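Asks: Here it is, the structure, as structure tokens.
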Amino acid sequence: MSLTLWNSRFSVTFVRQYATIFTSGSVATSSLQNKFTNSSILSFHNNDKQRQRTLFTMQNNRQSKAPTTSGATTDTANIGGIGAAPPSASQHSYCNKQTLYDHPQVRQQSSTGSYDYDLVVIGGGSAGLACAKEAVQNGARVACLDYVKPTPIGTKWGIGGTCVNVGCIPKKLMHQASLLGEAVHEAAAYGWNVDDKIKPDWSKLVTSVQNHIKSVNWVTRVDLRDKKVEYINGLGSFVDPHTMVAKLKTNERTITAENFVIAVGGRPRYPDIPGAVEYGITSDDLFSLDHEPGKTLVVGAGYIGLECAGFLKGLGYEPTVMVRSIVLRGFDQQMAELVASSMDERGIPFLRKTVPLSVEKKDDGKLLVKYKNTETGEEGEDTYDTVLWAVGRKGLVEDLNLSNAGVNTVKDKIQVDTKETTNVPNIYAVGDIIYGKPELTPVAVLAGRLLARRLYGGSNQRMDYSDVATTVFTPLEYACVGLSEEDAVKQYGADNVEVFHGYYKPTEFFIPQKSVRYCYLKAVAERSGDQRVYGLHYLGPVAGEVIQGFAAALKSGLTINTLINTVGIHPTTAEEFTRLSITKRSGLDPTPASCCS
Amino acid sequence: MSLWKLLRICGSSRSNALSVASLGKAKYDYDLVVLGGGSAGLACGKEAVDSGARVLCFDYVKSTPAGTKWGLGGTCVNVGCIPKKLMHQASLLGEAVHEAVAYGWNVNDQNIKPDWKKLVNSVQSHIKSVNWVTRVDLRDKKVEYVNSMGAFVDPHTIEYSVKGGPKQRVSSEYVVVAVGGRPRYPPILGATEFGITSDDIFSYDKEPGRTLVVGAGYVGLESACFLKGLGYDTTVMVRSIVLRGFDRQMSELLEAMMSERGVKFLHTTIPSLVERQGDGRLLVKYRNTTTKKEDSDTFDTVLWAIGRKGLIEDLNLPAAGVQTKNDKIVVDATEATNVPHIFAVGDIIYGRPELSPVAILSGRLLARRLFAGSKQLMDYADVATTVFTPLEYSCVGMSEEMAIQTHGQDNIEVFHGYYKPTEFFIPQKSVRHCYLKAVAEITGDQKILGLHYIGPVAGEVIQGFAAALKSGLTVKTLLNTVGIHPTTAEEFTRLSITKRSGRDPKPSSCCS
């Protein structure tokens, strides 16, 4: 098992190095051209670095000889041979690696001859990639830097950022794995002759998940190349507002650009207690963990903590969630408590009002965690196989040397205006690094794309950060869009808000006798007139799929009047929104009287 | 009966002003008689009582030729949406077992088979519990219920008898006809003797085995798909086109998806005869109307899904003067028939979508108009619907053809795309037919005329968009709606390629 994992890790490193070499070649070639056109403008101060760059260029030209001459076939063969791009991806015509070697003409406009690039994007995650690709499509010369520092236990990954590598994608796959375990039991209830005394093979699951991620890394690289975004596998730090030094594998490179977009994202925090970094892991490590997590303490009850605890439980491990103060801070608290209760019902204990004090490794390899109840002051301890920190995420500002560029930060984030501009006019920020905005991939993608269109496509359209739908992929999923009940009350006053709510029973739950106790939804609305909907909240199966359309409806000005006159699709759970009729104010029982008509 | 009347009187203490008014109208036994205890009738009856009316509801189910009967609640609960969704779910769960293996579960998925009897028992137990809850609910809500077939004597009088007892009559100020429909049988030899319909399949006491499904409307396709998913060899016989009335492109994609999963299709073919062989199997003779070629094959089960007919025949409508069209009843925008105090709701209405939620909402709105002073009419436009095939198809609003017909080819823009559900990669499920499109106006903010989606949980995906369409969704708003990642519904927010552009609608990248 460990061999497989080692192999898969080896392969990702291999692919990444290879890819770096391969593209550095083309980067070098173009910067070589730039060098001659720009050399007269380059200041004396830059000459040293210029020399370095020439050296680097030569090195890379040498290195890249092989891949560019005979590289095409070798590359494909190698990738196939080590299984880094699984057949599932390469079977599709649009994933055909031939696209790597096609060179569609992209309109190039050299608006800024004095800089190496029109735009340098720092960070190859959702925001950065979307921004970079869109900028190139609008004629800009763009480079994108991406570099992943290993976690304390050594986990690394490829291009694509948090979502693809250690975020939404692997967590949704693990969530799905967990749901499928449940589905096997349900299948038995529906009459399938399966033996449902089942266990997951953690190592097989991790391998499958990592293979998928690698194929996404690969497709992302191909896509960047297709779209002519120069990719630099280096860690960037500012020299001045237009200059950046990128630390590459063996040397450094100075890059100048008219505009910079900071899209470095964030990474999980560790608590400041003994043993946290040595013995604990985070979501950065979990999806490629080379051993079964076993009995796991999940510290933190934000959505990451709850999701991890949810799928670990579904996979048969014993997670406990340690909650410092409240569950799902920032979300509607009634829904948050229902989510917690639904998890509790499935056998996930919650240690409330509790903070960890220390983690020690015992002789048998297990982890002894000491903790304290902050209300009672009572101390306790327990042993776990795995301790997972999900105590929050921090922005990755520290390596950027932002002070050289004069960019102000708030804590570890960057404050931007409504055009994603920092206090330095040619430096922008998008994605999770922005202070006070939702940390979500689609937000990052759209904001990055719109920014590029404003910079290079003559657009004026700004990102609308309001009414962004989101989903917590706990076993019973929670999705919402718009305001929480608390926020609606705060904003409009309790007397001006009407809340429609109801419990419901998904048709499919009856035969396997699944608990319907927490299947609940509500609409928070204006109290008068057609009752504009402020927020929708749903706890139940496939919540993300259910709420997405309603997010579009909210943006279209959905009212209660329209909602309850929308004809339902029977039998679905989403139709329950169209059947909401009981207000909280009425005090009527929101449990369903009948089931089907 | 007397207990019910007593309960009704007790119930009248909670009546509002309107009911006090109606109590004055002692001219009739009831304020409202509802014929048919299905989705439409029950919703109408309950809502009317809530508004203070005195209501009597008739419900009676004639057995099918194969002898199948069922309880209160109508088609949806007994032989429609509920059992088919459960069978669909059973079929999906079989697939899920295989997927579980790919995701690392040590489940033995070799040769898994469903226990048809166990499945049917589970489904029927659920239905019985729904029948029961429905009964209790009627009782709670003080709707009087008679298990009998009511028929008109005159426009205000209904005659009935309970379990072969003496004929009785009741009079009512208003009558709502909500008798729904039942499957048709083709007029060929052996059709009723040897064939079954969707009325029988959900309680069928033997495994269907090799099945011929005749008809390619949504009932036929759904039945064929869950049977195939449960491991039975299934063939669909199509007279002309699949999913008549739905978007053609989507219908054909759906058919291709089914073929990929091993459902066989006999195109432009009509059955001519069914006979039972010595071994008990059914020999079906059929003819290809294009090639004129005659052929035959043997099946264990023949399922007719060639359409449904309205159940007007036992109502004695001429006595009330209610006009019919084919086997349906024509109503105006207020669901009134040509006789002003007689209404029709649900599947019995001519030319309206035959869907349970449509029936419920129109029944409820009708009751509110009759007894609660409401003026609100049922809006039959932009009703979303879903076909529960293994990859489901759902849509709301216009088909592409309809949009072209009403707006003109030059005035519509179609945004479309194939997509890859994240969960499909690990079990290497086919993404070939995962496709969606938005049909919109070409000018301005591009108001959306219709949305179409083939993929997992299609009904859940499209419901919210139906509310959005009703709220005036435009392409501009759609594309500025932030997606939820990773879902399949978010693909609607990522639509960027128009058909007119001729660009490849296949996704170039997967995740950003």
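Heads up, the Cβ atoms here are built off N, Cα and C, so glycines get one too.
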Asks: Which of B:G104, B:G307, B:G310, B:G321 does TrEMBL put in the same NAD(+) site as B:G215, B:A216, B:G217, B:Y218, B:V219, B:G220, B:L221, B:E222?
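Replies: Candidate listed by TrEMBL for the same site: B:G307.
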Asks: Under 8 Å, Cβ to Cβ, against chain A: pull out the ones among the recorded positions B:C76, B:C81, B:G217, B:L221, B:H485 that qualify, in sequence order.
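Replies: Cβ contacts with chain A under 8 Å: B:C76, B:C81, B:H485.
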Asks: Looking at the binding-site residues B:G150, B:G217, B:V219, whose Cα is closest in space to that of B:C76 (disulfide bond)?
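Replies: Spatially nearest to B:C76 (disulfide bond) by Cα position is B:V219.
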Asks: Considering Cα atoms only, can you say which of B:G215, B:G217, B:V219, B:L221, B:H485 is the nearest neighbour of B:G150 (FAD binding site) among these recorded positions?
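Replies: That would be B:V219, nearest by Cα distance.
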Asks: For B:L221 (NAD(+) binding site), what is the tally of other C-beta atoms lying within 10 angstroms of its C-beta?
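Replies: The Cβ of B:L221 (NAD(+) binding site) has 26 Cβ neighbours within 10 Å.
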Asks: Between B:C81 (disulfide bond) and B:L221 (NAD(+) binding site), how many Å separate their Cα atoms?
Replies: 14
Asks: Consider the recorded positions B:K85, B:D347, B:H485 and say which one has the Cα lying nearest the Cα of B:L221 (NAD(+) binding site).
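Replies: That would be B:K85, nearest by Cα distance.
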Asks: If you count other CB atoms within 10 A of each CB, which of B:G150, B:G215, B:G217, B:G307 wins among these binding-site residues?
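Replies: When each Cβ's neighbours within 10 Å are tallied, B:G150 leads.
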Asks: Which whole-number value in Å describes the distance between the Cα atoms of B:G215 (NAD(+) binding site) and B:H485 (active site, proton acceptor)?
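Replies: Between the Cα atoms of B:G215 (NAD(+) binding site) and B:H485 (active site, proton acceptor), the distance comes to 38 Å.
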Asks: What's the number of neighbouring CB atoms sitting within 10 A of the CB on B:C81 (disulfide bond)?
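Replies: For B:C81 (disulfide bond), the count of other Cβ atoms within 10 Å is 25.
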